[in-house]
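Colleague: I'd like to ask you about the structure that follows.
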Amino acid sequence: MEVLSTSSPLTLHSHRLLSASSSSSHVTSIAASSLSSFASSYLGISLSNRTIHRFSTTPTNLRRFPQRKRKKFTPISAVFERFTERAIRAIIFSQKEAKSLGKDMVYTQHLLLGLIAEDRDPQGFLGSGITIDKAREAVWSIWDEANSDSKQEEASSTSYSKSTDMPFSISTKRVFEAAVEYSRTMDCQYIAPEHIAVGLFTVDDGSAGRVLKRLGANMNLLTAAALTRLKGEIAKDGREPSSSSKGSFESPPSGRIAGSGPGGKKAKNVLEQFCVDLTARASEGLIDPVIGREKEVQRVIQILCRRTKNNPILLGEAGVGKTAIAEGLAISIAEASAPGFLLTKRIMSLDIGLLMAGAKERGELEARVTALISEVKKSGKVILFIDEVHTLIGSGTVGRGNKGSGLDIANLLKPSLGRGELQCIASTTLDEFRSQFEKDKALARRFQPVLINEPSEEDAVKILLGLREKYEAHHNCKYTMEAIDAAVYLSSRYIADRFLPDKAIDLIDEAGSRARIEAFRKKKEDAICILSKPPNDYWQEIKTVQAMHEVVLSSRQKQDDGDAISDESGELVEESSLPPAAGDDEPILVGPDDIAAVASVWSGIPVQQITADERMLLMSLEDQLRGRVVGQDEAVAAISRAVKRSRVGLKDPDRPIAAMLFCGPTGVGKTELTKALAANYFGSEESMLRLDMSEYMERHTVSKLIGSPPGYVGFEEGGMLTEAIRRRPFTVVLFDEIEKAHPDIFNILLQLFEDGHLTDSQGRRVSFKNALIIMTSNVGSLAIAKGRHGSIGFILDDDEEAASYTGMKALVVEELKNYFRPELLNRIDEIVIFRQLEKAQMMEILNLMLQDLKSRLVALGVGLEVSEPVKELICKQGYDPAYGARPLRRTVTEIVEDPLSEAFLAGSFKPGDTAFVVLDDTGNPSVRTKPDSSTIRVTDKTSIA
């Protein structure tokens, strides 16, 4: 017998003839008889009866062609010997279906009918509920070929024994080619109906798709079902089919192929041991859906389609979705929605930790990598995904500091990557790519970079909507659309050191966890509250339950007597009477307030809706500040306005809360106002970051703010300013006495005031968008202190006009223009000029100082009273309009604190006494003990204030 080569597409696969089956003689004769027409129609060859007899009796002789024939003719591959009995049965059914419809060729819709007829699953074709009768009706309705009852009966009574000579169309032959390719991809040594089904759904010319659409079936779901059935069958033994599952697959008669011995199994174990099959996980639904990124995925597919150097490397910051792109590609392959050349591929994710773990001996890691590369090259259908690929660079014996005979892992990958033998998708960050890959030009040119940028807020919302179902199922909750929008908006605005969509996903994840825990806590508290109530509080509920119980009992009694109500109506009464109980599995609603609460805890920035208590705090903020800072109403109003704008949400989101410059004489309350704001609104004075600019008088001290440059001490520690803001972004930053700093310090403030961020010595961008920036300056105070002949060009009179606020403000602003650069002054939101303190205001300041002194005496158990003449004396001696309140503080120390300390040392006071400061007959202050009913005891701390 001579076997001639043919122009069929399957000749590309080196066809051979089908060997005899090792199954029963009946099935063998069926396969042999049907294969004659199958081979003749598909390949254009003829098999005589003698040949068929040789098929079933002497399979080994048929393979041994004479050497002369081998040299002259192209051999035909072992495609048909790999068809299982079920596959042959499906092909015969398809021929019968085509003949019953009056066709002279088998098209893809007939092949679909054959596959459906062969599938004996009670749930229909691939578990979809599609039966052969429904499929025939769909085909007849589409092509208007409704047959008579006799033809239908003939089609339904097809048998294996009847042979046909029905040829196959070109599109059907392509389906067989795709089935062969997918079988090779899965390392299966047979072709089952599921392989043919996957090939049909992959390269369908549209005919089978029309039938499935008419039946209401989803082609992607059917493909996934076929893949699941195939992979479930072969999962027990690596890539070998299971011999025990006769109901689904039969082992091909030819047995295992050459090369599937221990050696092949060992290489196979290397791939399975160190890699995770992302395609299989996607088929099982274990990978989250991937939304968007169409351009990046298209670019990756283009690179994978190249002949050489077909290795994309995904570059992007942590959290932008590099790994998700590889997972999305695996999902598209599993759902058969990827391009055709990728459908035969598997994406295997390399676990670098497993690869390196346990490599104790020298060269053991290199041996693992070499075996892994060999297995991937041998398979030819594996795309290796290496996440954080920079961890492999520098590993190996060379990277460990050893000398000689060691290899870097990158050097092992280079040859295979360059020739296209090893196809790889890598991912790393931009910094690691710059530091690791760009140093090795030979390695970098083998990868094609694909830049993965942070998605926009709109795209991030779409991503969260796609993931919402997964997180709702995990937390047993429901996310509102407002919660999704809030997660993206709040994370983008207030979490500066992370990237979308990762930080938004983390927000909804933690918000779901928080809502679930809060619901459990509330349920527990309600249960405890119910148990603690007296019966009178819920007597009405008890009466309602008793009434319902009586109705149910009467209904059951009537049913027993056979009087009125049937079982169905009785059930209706019982079910309708009882109130619906709130189940434990009822989903919890997660709204924007839950998202805001998590964002506030995470970032330290109050982003929740303004509560009633906080609203009252903001409304009374000015009064609280005036109670501590006297005589500076303009400054108090200015700083209060800035805080209110920020909290309401009207401030510019790309700039700090405010950048203010406090100018005025010394000792008038510039620093004290900042401390008061930090204590009243930000929690405490410790929440204020104060930088005394007298420490930055030299040029090189600018490094103290943002961090030392490389090579200097403290490079790894970061800057005092930037590190403090990174840890507490919602704070007050005080640059005290800014004019004392070196002029180069002002240059670094320009970007801070305008753009709201600084870049530290580590290259990290630090956001100041939630910080209140305040600078204090004494520019102009020297002239005021000198009195009449000031240094800023004006003369002060003895009367109050010389110290007027308007004149002082104009002169100080003019002096600021001469001292600071215009670009700095132009970026300051508001310049606040502090007034000089009047004599009447000194009494209020004195009362505040005495209250502070009383608070300190509480720890000693002694009260304090100061007579009015002593207060007037203190104000008279401590008042100096040029120096503000600081002389007053020194006078209090001299007149009150020093005599008190002497009296304590002399033992004049015991706990419970009250120190009374009065003037003696000579007009000098003296301290006396006042043990009467008004004495303040040690435990009575509240009366001090």
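From the backbone N, Cα and C atoms, a Cβ is placed for every residue, glycine too.
Straight from Swiss-Prot, here's the annotation block:
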| type | residues | note |
| --- | --- | --- |
| DOMAIN | 90-233 | domain 'Clp R' |
| REGION | 233-264 | region 'Disordered' |
| BINDING | 316-323, 664-671 | ATP binding site |
| REGION | 555-586 | region 'Disordered' |
| REGION | 590-781 | region 'II' |
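Map the listed features onto the structure and describe their local environment.
Modeller: Taking Cβ-Cβ distances under 8 Å and a sequence separation of 6 or more, the neighbours of A318 (ATP binding site) in its chain are T429, F499, D502.
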Colleague: Using all protein chains shown, find which of the binding-site residues K322, K670 scores highest when you count other CB atoms within 10 A of its CB.
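Modeller: The most densely surrounded of these binding-site residues is K670.
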Colleague: Among the binding-site residues G316, G664, point out the residue whose Cβ has the most other Cβ atoms within 10 Å, with all shown protein chains included in the count.
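Modeller: That would be G664, with the most Cβ atoms nearby.
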Colleague: Under the DSSP assignment, what numbers of helix, strand and coil residues are found in the domain 'Clp R' (90-233)?
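Modeller: Going through the domain 'Clp R' (90-233) residue by residue, I get 95 helix, 3 strand, 46 coil.
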Colleague: In three-state terms from DSSP, label V668 (ATP binding site) for me.
Modeller: coil
Colleague: Tell me, by DSSP, whether K322 (ATP binding site) is helix, strand or coil?
Modeller: helix
Colleague: Near V668 (ATP binding site), which residues of its own chain have a C-beta under 8 A away, given they sit six or more steps off in sequence?
Modeller: G631, Q632, F834, R835, Q836, L837, G884, A885
Colleague: Taking 10 A as the limit, how many CB atoms besides its own sit near the CB of V320 (ATP binding site)?
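Modeller: Excluding its own Cβ, the number within 10 Å is 22.
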Colleague: Going by DSSP, is G316 (ATP binding site) sitting in a helix, a strand, or coil?
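Modeller: SS state of G316 (ATP binding site) = coil.
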